[in-house]
Amino acid sequence: MQAQRPPLLEVKRNFELKTTLVKASSRPPLSGSRLKRGPDQMKEALEPAKKRTRGLGAVTKIDTSRSKGPLLSSLSQPQGPTAAQKGPKKTGPRGCTAVGSVLKNQKLAPTAPAQKPVRKRPGKRPDWDLKGQLCDLTEELKCYREKTQKLDQENQGLQEQLKEAQEQAAALGTERNTLEGELASVRTQAEQCQQKLEALCARVLELEEWLGTKENLIQELQKEQLELQEERKALATRLEEQERRLQASEAALLSNESEVVCLRQKTAAQVTLLAEQGDRLHGLEMERRRLHNQLQELKGNIRVFCRVRPVLAGEPTPSPGFLLFPHGPAGPSDPPTRLSLSRSDDRRSTLTRAPAPTTRHDFSFDRVFPPGSKQEEVFEEISMLVQSALDGYPVCIFAYGQTGSGKTFTMEGRPGGDPQLEGLIPRAMRHLFSVAQEMSGQGWTYSFVASYVEIYNETVRDLLATGTRKGQGECEIRRARPGSEELTVTNARYVPVSCEREVEALLHLAHQNRAVARTAQNERSSRSHSVFQLQISGEHAARGLQCVAPLNLVDLAGSERLDPGLTLGPGERDRLRETQSINSSLSTLGLVIMALSNKESHVPYRNSKLTYLLQHSLGGSAKMLMFVNISPLEENVSESLNSLRFASKVNQCVIGTAQANKK
Ligand code: ADP
Ligand code: MG
């Protein structure tokens, strides 16, 4: 138990014990064992003294019964007890001293001497000296009596001491209880302290843990700080670099500013120069247009190109020399302009039974394209005409010839997406769009509106009709506005176009519409004229200039005639009417061209829908080009000759000086 005492308690106890001992120093000395004893033990401790005292008393009694001689002698010489007589009454609050001394004396003076109280016995009295003996005994008795008295007194003192000791023991018990109470409270306190300590320990652990975390955090922060410092250093270096650059830039800026001032002055001068050059360019453009037109006029406002298609797969190869393309005076490098066709006269050979003689027919045109000519070559020749349309001159390009001679191939090309086989219409459109783009740099803005109609049996049909409009409402040719020369086809679509893809879509649509018609009426496409019209409007807003001109690309109906000797069935009467209608419109076209060439007062435009629709593209201010398409086959020779003769007539025509439609 003592080992578990808190040190504080131990110290306090020691201190109190010392205090008690110090206090007790004024008391009769108690042995250590007595101090530790309780009141009962003290009583027991004191008991032997009493017993001894009683024993002494008994001895005394016994001795009393003995002779009195030695007793009296011992009384005459009082020994140890006399010393004890000095302080027995010295009792009081600190009676312990007396007890101590008594006990000491008891130890020092054991009862043995009391049994022999007379030390100095005079020599043995003779037996007869009874008086002396009595005297000795009396003396001894007296001594014993005194001693008994002293012992009684001592006993009384000891009793008192015992009482005191008991009181003291009670006080000590009380003190002990108090101390035990204190001890308990101290223990409770100690427990509380222990609990507090435990709590504190837990708290310490917690704090240590927290401290650990914080230390880790601090380490991390320190690490981060180091990194940041590094970064800061790098940034500082970069900043310095940037500052240096900035300074350099500022210096450069200053020098540049002066340069800018200089350049501004130069720019102003150049702007003036540019304006002057713009004026010059415009003048040059006008000059170019004039010269271009002159060139076209020199070439002829009406030109005829002859194109012979190649022999197709499965067709008989014509005999050599059937078609010849003599080259020009400059040799083979000269583009051919002549065509020679040989025809054997079968009637004469039948009559004479001689080999059929051949007749050569020579034709000369503005240009002849032999069978191997590419679409691209053909277009190159007409691109100048397309340019004229942009310059404001009406342009009309026809494809004339019998069915199957290559008119549609020349105009539209072969469908299928092969760019090599593209015809004049898509190529002309591409050319127009790109030139218009170039001209925009000179201040010209162009817009294009396309229409595509077919004229069959003197009725006009829209090839761009879509949805419900297909086949609904007859198309009529009317003036666009009252008093205006411009013509328009009612119920036909006029579609603004600005790129090749839009034109492609229109051609595709027209192709589909023709295919539908073909199923309804046999090969109607060959029996009708297809007219692709593009209205070109150009404007130079800065100079207030405008030019409007139509570009017409016409795929004419097959020019073949019906054999007059043929007997016609009921189904073929329609075909005859069709053919007559076609022939009539084609001959009207020829007549119109003739009338224009001869500058006749009356031009029979109204004799056919075709010439009526194209009247403003055929007149004196227009440029016209006719492709005469020829089949390479010998079986088509008579139709080829007819076409060539018609074309030759047209070729001989010269239409008056064209004038651009400038406003
Ligand atoms: P048309 O329109 O005069 O009736 P097409 O243009 O339909 O005649 O031509 C008839 C056939 O001959 C078509 O299959 C066409 O592809 C082909 N053809 C016409 N001209 C050429 C040419 N220059 N090169 C190759 N094939 C051609
Ligand atoms: Mg055709």
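From the backbone N, Cα and C atoms, a Cβ is placed for every residue, glycine too.
Unlike curated records, TrEMBL annotations are generated automatically.
Copied over from TrEMBL, here are the features:
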REGION    20-129  region 'Disordered'
COMPBIAS  37-50  compositional bias 'Basic and acidic residues'
COMPBIAS  73-82  compositional bias 'Polar residues'
REGION    320-364  region 'Disordered'
BINDING   Gly401, Gln402, Thr403, Gly404, Ser405, Gly406, Lys407, Thr408  ATP binding site
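Of all Cβ atoms in the shown protein chains, 32 besides its own fall within 10 Å of the Cβ of Gly401 (ATP binding site). Residue density at Gly404 (ATP binding site): 19 other Cβ atoms are found within 10 A of its Cβ, drawing on all protein chains shown. Within 8 Å of the centroid of the Cβ atoms of Gly401, Gln402, Thr403, Gly404, Ser405, Gly406, Lys407, Thr408, where the record puts ATP, the same chain has further Cβ atoms from Arg309, Ala399, Ser526, Gly558, Asn629, Ser631. Highest local Cβ density among the binding-site residues Gln402, Thr403, Ser405, Thr408 belongs to Ser405, counted as other Cβ atoms within 10 Å over all protein chains shown. If you draw a 10 Å sphere around the CB of Gly406 (ATP binding site), it holds 22 other CB atoms from the protein chains shown. Taken in sequence order, the binding-site residues Gln402, Thr403, Gly404, Ser405, Gly406, Lys407 that lie near ligand 2, meaning a CB under 6 Å from one of its atoms, are Lys407. Taking a C-beta cut-off of under 8 angstroms and a sequence separation of 6 or more, Lys407 (ATP binding site) has the following same-chain neighbours: Ala399, Tyr400, Gly401, Asp555, Leu556, Phe627, Asn629.
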